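*Asks:* So Swiss-Prot has the following annotated:
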DOMAIN    35-77  domain 'CHCH'
DISULFID  C38-C69  disulfide bond
MOTIF     38-48  motif 'Cx9C motif 1'
DISULFID  C48-C59  disulfide bond
MOTIF     59-69  motif 'Cx9C motif 2'
Amino acid sequence: MTGHAPESTFNADGSRKMIATQQQCEDKNLPLSFRDYCAHLLIPLNDCRVSTYYAPWKCMDEKHAYEGCQYDEYLYRKIKKSEQDEAERIKREVVIEKENPKDRPYEEIKLS
């Protein structure tokens, strides 16, 4: 694991791909909650932990790669959520603008 960047979970067109297969996850007994886009890094990390009797200093490269992937996933979800919130805010503003155009006098605008 040392000396190279982990494989990207993004395709050239921007879509996502799972690197670890369902069979690999089942073979390594990964819980469903850990079967995400970083599972391909968790499998060697867990193997290293088992083979070194969970010595914390022996699997640092694998742990760093896995935690980096998890952080990147967090940032990706955060960006997607902010884009979704912005789209909803713009949609709400358009609906409000259609209901209450600014060029109508105040008396004509429904307040309820």
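Cβ atoms here come from the backbone N, Cα and C positions, even for glycine.
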*Asks:* When secondary structure is assigned with DSSP, how many helix, strand and coil residues does the motif 'Cx9C motif 2' (59-69) contain?
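*Replies:* Taking each residue of the motif 'Cx9C motif 2' (59-69) in turn, the totals are 10 helix, 0 strand, 1 coil.
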*Asks:* At a C-beta cut-off of under 8 Å, are there same-chain residues at least 6 beyond the motif 'Cx9C motif 1' (38-48) that contact it? List them, or none.
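*Replies:* Counting only partners 6 or more residues beyond its ends, the motif 'Cx9C motif 1' (38-48) has Cβ contacts under 8 Å with 1, 6-7, 9, 18-20, 24-25, 28, 30, 58-59, 62-63, 65-66, 69-70, 73.
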*Asks:* Determine, to the nearest whole angstrom, how far the Cα atom of C48 (disulfide bond) is from the Cα atom of C38 (disulfide bond).
*Replies:* 16
*Asks:* Quick one: give me the count of other CB atoms within 10 A of the CB of C59 (disulfide bond).
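*Replies:* Step by step: centre on the Cβ of C59 (disulfide bond), count other Cβ atoms within 10 Å, giving 21.
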*Asks:* Going by DSSP, give the three-state secondary structure for C48 (disulfide bond).
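*Replies:* Reduced to three states, the DSSP call for C48 (disulfide bond) is helix.
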*Asks:* On average, what pLDDT score does this prediction assign to the domain 'CHCH' (35-77)?
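*Replies:* Average per-residue pLDDT within the domain 'CHCH' (35-77): 95.
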*Asks:* Give me the Cα-Cα distance between C38 (disulfide bond) and C59 (disulfide bond), rounded to a whole Å.
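*Replies:* Given the Cα positions, C38 (disulfide bond) is 16 Å from C59 (disulfide bond).
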